[in-house]
Amino acid sequence: MGVTLDLARAPAQPLAPSRPNLSGMTRAELAACLVELGVVRPEKAKMRASQLWRWMHHYGVTDFEKMTDVAKETRAALAEVCAISRPQVVERQVSKDGTRKWLIRMAPGIEVETVYIPDVGRAGALCVSSQVGCTLNCTFCHTGTQALVRNLTAAEIVAQVQVARDDLGEWPSPKEDRRLSNIVFMGMGEPLYNLDNVAAAIDIIADNEGIAISRRRITVSTSGVVPELAALGERTQAMLAISLHATNDELREKLVPLNRKYPIAELMAAIRAYPGLSNSKRVTFEYVMLKGVNDSPAEAKALVNLLKGVPAKINLIPFNPWPGSQYECSDWGTIERFAAVLNRAGYASPIRTPRGRDILAACGQLKSESEKLRASARRKLAAGG
């Protein structure tokens, strides 16, 4: 594991500049801002916004002086009244398996963790957060022990992608052989409780003249906020993942308390009606394997029956341990037998290889350990260490 920044030496600093940060604005917001600031005339706002957009999101430029096709006097005017800012990277960790994790400070006291998971070859996925903390209290998830602070803005969601691109050296946006090829909203928070900002961020990330990651390579994972599922599909055209983990209400209510509000029957009805659902646009069901809890052959058969007729694949996730958890991971043989039942029924059911466990970057491990480390650093500083 490599840690490149010391938390004890990274005091809180305000992210928000005194000037507007253009980096996370939509195209329309960007054009309107340029007019409001008096940088361009209204009739030229759309053209100038397109120029800036390409420099910011295709080339990753943060310095107006590098925008060579923008007039010199316009560059100077932009630098005086606005900014292109990145959030502060408080800590960067690299796992022995190549997984990278960044602790990113969006504003004083507003910090999230973002994880890059390399795949075979050059491809890889970026796991982004949508909220600071979480309200769902899923009992197997370490993130759920962190109380919700607030939603992230669209700019703060996009900033996670920009930070990763900076670190991976992927500017300008490559057309092929990308190291960062997929985006998964599987970090901190419930994306559907922040749908407006998630949808706006996806619009920016998917724009073909910018970061240009296809919507078919963007997956939004939800624990099942049923009233927002249709809107998610209509507004984002993103791939859908469901954090399921159980096949009956009694067990799922223990694992995912949100099930008390939106039980499985309601959830499955909303999934079957998800816009664009087809064999080429399957739903991914996430199923964490908990020893003696949800890993029996009977549960596997019940899962097959539950998903009957739904174009789906099932990701089996070995439980990633964290301090104080009441659960253990299922034995590997048990997981393989569970997968075999699903495979025989015709469902792709890959067993997710745990990645980044040594830096607490694996599924369900985010955030809380960083909080402990920061608290320890504060105590050390207070003691004069």
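Heads up, the Cβ atoms here are built off N, Cα and C, so glycines get one too.
The active site, proton acceptor annotation in Swiss-Prot covers E113. Marked as domain 'Radical SAM core' by Swiss-Prot: 120-352. Here Swiss-Prot flags C134, C138, C141 as [4Fe-4S] cluster binding site, drawing on sequence analysis. Look at Swiss-Prot and you will find G189, E190, S221, S243, L244, H245, N320 tagged as S-adenosyl-L-methionine binding site.
Positions of the features from Swiss-Prot, shown on the structure.
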residue: E190; record: S-adenosyl-L-methionine binding site; contacts (Cβ under 8 Å, 6+ apart): S130, Q131, C134, T135, L136, T222, S223, V225
residue: S221; record: S-adenosyl-L-methionine binding site; contacts (Cβ under 8 Å, 6+ apart): V184, F185, M186, P191, A241, I242, S243, T284, E286
residue: L244; record: S-adenosyl-L-methionine binding site; contacts (Cβ under 8 Å, 6+ apart): R252, F285, E286, Y287
residue: H245; record: S-adenosyl-L-methionine binding site; contacts (Cβ under 8 Å, 6+ apart): F140, R252, L255, V256, E286, Y287, V288, L290, N294
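Here is what falls inside 10 Å of the CA of C141 ([4Fe-4S] cluster binding site) among the recorded positions E113, G189, N320: N320. When secondary structure is read from DSSP and collapsed to three states, E113 (active site, proton acceptor) falls in the strand class.
All protein chains shown were included, and the count of other CB atoms within 10 Å of the CB of the residue listed as 'active site, proton acceptor' stands at 27. Of all residue pairs in the S-adenosyl-L-methionine-binding list (G189, E190, S221, S243, L244, H245, N320), the one with the greatest Cα separation is 19 Å apart. In space, G189 is the closest of the recorded positions E113, G189, N320 to C138 ([4Fe-4S] cluster binding site), judged by Cα positions. Straight-line distance linking the Cα atoms of the residue listed as 'active site, proton acceptor' and G189 (S-adenosyl-L-methionine binding site), rounded to a whole number, equals 11 Å.
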